[in-house]
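Working notes, beginning with the structure itself.
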Amino acid sequence: METVQLRNPPRRQLKKLDEDSLTKQPEEVFDVLEKLGEGSYGSVYKAIHKETGQIVAIKQVPVESDLQEIIKEISIMQQCDSPHVVKYYGSYFKNTDLWIVMEYCGAGSVSDIIRLRNKTLTEDEIATILQSTLKGLEYLHFMRKIHRDIKAGNILLNTEGHAKLADFGVAGQLTDTMAKRNTVIGTPFWMAPEVIQEIGYNCVADIWSLGITAIEMAEGKPPYADIHPMRAIFMIPTNPPPTFRKPELWSDNFTDFVKQCLVKSPEQRATATQLLQHPFVRSAKGVSILRDLINEAMDVKLKRQESQQREVDQDDEENSEEDEMDSGTMVRAVGDEMGTVRVASTMTDGANTMIEHDDTLPSQLGTMVINAEDEEEEGTMKRRDETMQPAKPSFLEYFEQKEKENQINSFGKSVPGPLKNSSDWKIPQDGDYEFLKSWTVEDLQKRLLALDPMMEQEIEEIRQKYQSKRQPILDAIEAKKRRQQNF
């Protein structure tokens, strides 16, 4: 028995990469197995740590991404040590990519599981996931950190069913001198009203997002998911808190839990610690109840992978009729002895198991970062005169200013009348819309349809404006990065 133990000593668990590992090239330390999906700022891969045999997740981030946000994500993960938060092991620079090595959660995100099974979650399943998520939020908030992007796509499950918070690409740190933040950041449908209004917010902004996430897990998508994100941004602060579409389907405890999360006044909203004592959470069952849905989702994923592999093999067979093949993986170039290697991908976006930004919605929402220039330094805040009326968010002010400029440029050049081209519509300067009564329904519908393209164009102009500011900074960072071997 002793001989067996000596021959097969148990491998130690990876806790953090040591200095020796960090001075090597990442390929010497890890074997990358497959692509898992897309996270904030980069792609996520499944890999194995050669020394311990432990499976890890590696986020590969191009250096042209927002390096400041990436470094912030690393910094926050480094400071966290909780079973309810994804662990960080270390980072590397490799060619034009930053490799961030993190804990691997084999079951993927909650939104992945919903999508793979094409089925929403039961109350028992939701309660168990919320309990772990609240413990993660309680830990983060105790550390004075705000996640700022809580949603089903950022809650990962390991194969045992333990939920962990992930994707800290937009997380923020609160300091003693900065009780509230004033930047609009997060994913639109999950945003708290005070975040959208830019009136300052603290940790309980995550609680609002958690309430929206609870509805998302129950109904498959968050409230307002069927409308344009920019319209949702107008509606969230002005409308009453959202509720279930069919309240009669859900228990009083679950309904009350969501109600406690979705209180519009942040001062009256419950904290993570308080919600852990809520009857809905206290009655949560163990993680074993999640194993069936995890196994079902992983079976669906495996079948999709096998189907995709068959398609790849079939394509290879069809191509072999035209090219000389060697073992199905080597395509010999005509007239060239050495040939050309063809790498066959066995994964597509449909088989992801980590974080995908389409979540459970039909459109790719991603993470919206508005007014991002205030994030360049953690301590920067916008202060408002509290004696003034609540100011409009900066992105709304931009749209209004842009429209005024268009009105001035077009004043006197057009007369309100039937629509000829939906793209040339100008809002009347005097705000008089009486002339609309004389238009046909068809003209009105055309003008309504013209609003979204106009808005998208203005958003793109904003993006280009900030990109022109960011690029010189990114160029300087890349120049410095070239002088480093490892991060």
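A Cβ is built for glycine as well, from the same backbone N, Cα and C atoms used for every other residue.
Annotated N-acetylmethionine per Swiss-Prot: Met1, in sequence order.
Taken from Swiss-Prot, the feature phosphothreonine covers Thr3 (among others), and the record attributes it to a large-scale study or a structure entry.
According to Swiss-Prot, the domain 'Protein kinase' annotation covers 30-281.
Residues annotated as ATP binding site in Swiss-Prot: Leu36, Gly37, Glu38, Gly39, Ser40, Tyr41, Gly42, Ser43, Val44, Lys59.
The feature active site, proton acceptor is assigned by Swiss-Prot to Asp149, with sequence analysis given as support. The number of other CB atoms found within 10 A of the CB of Asp149 (active site, proton acceptor), across every protein chain shown, is 25.
The phosphothreonine annotation in Swiss-Prot covers Thr183 (among others).
Here Swiss-Prot flags Ser265 (among others) as phosphoserine. The DSSP secondary structure for Ser265 (phosphoserine) is coil.
The feature coiled coil is assigned by Swiss-Prot to 290-310.
Taken from Swiss-Prot, the feature region 'Disordered' covers 303-332.
Per Swiss-Prot, compositional bias 'Basic and acidic residues' is recorded for 303-312.
Feature annotation from Swiss-Prot assigns compositional bias 'Acidic residues' to 313-326.
Annotation source Swiss-Prot lists phosphoserine at Ser320 (among others).
The phosphothreonine annotation in Swiss-Prot covers Thr340 (among others) and rests on a large-scale study or a structure entry.
Residues or ranges marked as phosphothreonine in Swiss-Prot (evidence: a large-scale study or a structure entry): Thr367 (among others).
Summarising the annotation, Swiss-Prot assigns phosphothreonine to Thr387 (among others).
Feature annotation from Swiss-Prot assigns phosphoserine to Ser410 (among others); the stated evidence is a large-scale study or a structure entry.
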For Leu36 (ATP binding site), the number of other Cβ atoms found within 10 Å of its own Cβ: 26
Distance from Ser265 (phosphoserine) back to Val44 (ATP binding site), taken between C-alpha atoms, in Å: 37
Leu36 (ATP binding site) to Asp149 (active site, proton acceptor) - Cα separation in whole Å: 20
Structural state of Asp149 (active site, proton acceptor), classified by DSSP into three states: coil
Rounded inter-Cα distance in Å - Glu38 (ATP binding site), Asp149 (active site, proton acceptor): 15
Winner by Cβ contact number (other Cβ atoms within 10 Å) across the recorded positions Glu38, Gly42, Val44, Ser265: Val44
